[in-house]
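Per TrEMBL, active site, proton donor is recorded for GLU353. Feature annotation from TrEMBL assigns active site to HIS384, LYS512.
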Amino acid sequence: MPLSNINPTQTKAWQKLTEIYQAENQQSILQHFQNDKHRTDNFYVQFEDLHFDFSKNRLSQKAFDALVELADEVNLKSAIKAQYSGEPINQTENRPVLHTALRTKDEVKIDEEPLNKLVEDTKVRMSEFVQKVENGQWKGFSGKPITDVVNIGIGGSDLGPQMIVEALSFYHNHLKTHFISNVDGDHVAETLKNLNPETTLCIVVSKSFTTQETLTNASTVRSWFLKHTTKNQIQHHFVAVSANIVKANEFGISSDNIFPMWDWVGGRFSLWSAAGLSIACAVGFKPFEELLHGAQQMDEHFQSEDLSNNIPVILALLGVWYNNFYNAESEAIIPYTQYLEKLAPYLQQASMESNGKGIDRNGQPVDYQTGTIVWGEPGTNAQHAFFQLMHQGTKLIPADFIGFKKPLNQYQDHHDILMANFFAQTEALMNGKSEAVVKDELKNQGLNSEQIQTLTPFKVFSGNRPTNTIIFDKLTPKSLGMLIAMYEHKIFVQGVIWNIFSYDQWGVELGKQLAKNVLKDFKEKEIITHDLSTSKLIDYYKN
Ligand SMILES: O=P(O)(O)OC[C@H]1O[C@H](O)[C@H](O)[C@@H](O)[C@@H]1O
């Protein structure tokens, strides 16, 4: 059964939400606290070691209830069922969406064909491979063990693995992991500079094995190897992860060295598959399985928990509330750990490639806003960069603050300062600072009344800026798996509500197509018609 096809703005719940918004949008978060003494109990969910507090939002209980009704009215529950049961909910590509099958023990089938064995067999192969590389059994052409692993891929074949590898740095083994993604030759050059071909292993990750950037980078790295070794021995240094075995073979990678990807796993959701081989190489296979286990726990929560107590659903509904009623354009992700430096770039692809769509599931242009702009940086650095705008700017930027109770390294004093900032920022964003308080402070500093009058407006914080607080005990492979699966499901829920297809990405094709034409212009002097502006610019580049 396809996903239901409901314009969200035509639902009863949307009507209700519009009325609630009109009646309540002038109420501050602080007023909501005054109106509801149990707000901190009502607006939080504890699941495993995940503490999710959403009390600091411009949201009354009534608005929250209506948002849950919206999820109900667009048949979210049956959409979740459809996804997990392998129905082709990626309709424009006629594919199921089953990255969740990579982390479940339940039986999963597509058209009566069970997938579990495929998944398990691949995991066994991955585990054996990783073990060999880790313990030095896998040798380079000159008989030396591998010291460096290079992931060559782009988009989903890079961002997820790279983000996780970086996030789990604390758990790394002796292997050094590198990522080459950009077709910019400087990226390859800088990476190869410090590598020894004798001890380097490349994992070429490309679901299609036709991606221009990845093939260009992989060919350059292959040539680098061929300067030092023979064609036959290259097998010691190249493995591939792909759904296109033929193309990977053509590139020169033997079938024994190819790990499968499947069309029922979208690129940006593929880190749980063999696309995560670089993760497993960096931390070992067991921690990789713990990552999957964390994600699987979040899957269970998402599937079985009531909508009103369901963390990804609540996150998604809050996003819709701000995007469609408060007209917020973006949302910030602020992890208070340097390990999650790559979380925002990863979520940009996961979210913006999924929900950056303007055509609904009827094939009609939508007349409401869809995908938000996702951005962010770790705290406290972000505080010294863009928090000025979040505190006093004219834009409403709802933010997720992600923190951990315990640090991974020994510097507890640092962690206390970090977390003090974490709590203080959400407090400041919500409470702001009133004119009266500012005036008092300036008076105490000895300023005269004229000076106080002049300075006060600049020092006032309006507050009322919403945040979610997400706290785990510790950054572990398991908690990381939960966190990432939580955002995956948030994205899915929003796509269902906005009545768009979240799992295709046609919008990336046009640029690729035109780049091929431009390249032809560079190389073959064959003139292709461009618009005047582009022609002039190409001419400038060529001459
Ligand atoms: O894995 P590949 O087939 O090389 O694709 C790599 C990436 O390129 C595409 O253009 C898409 O935008 C991404 O969703 C995808 O992850």
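Including glycine, each Cβ sits where the backbone N, Cα and C put it.
Features per TrEMBL, on structure.
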| residue | record | Cβ contacts under 8 Å, 6 or more apart |
| --- | --- | --- |
| GLU353 | active site, proton donor | GLY155, ARG268, GLN505, GLY507, VAL508 |
| HIS384 | active site | none |
| LYS512 | active site | GLN212 |
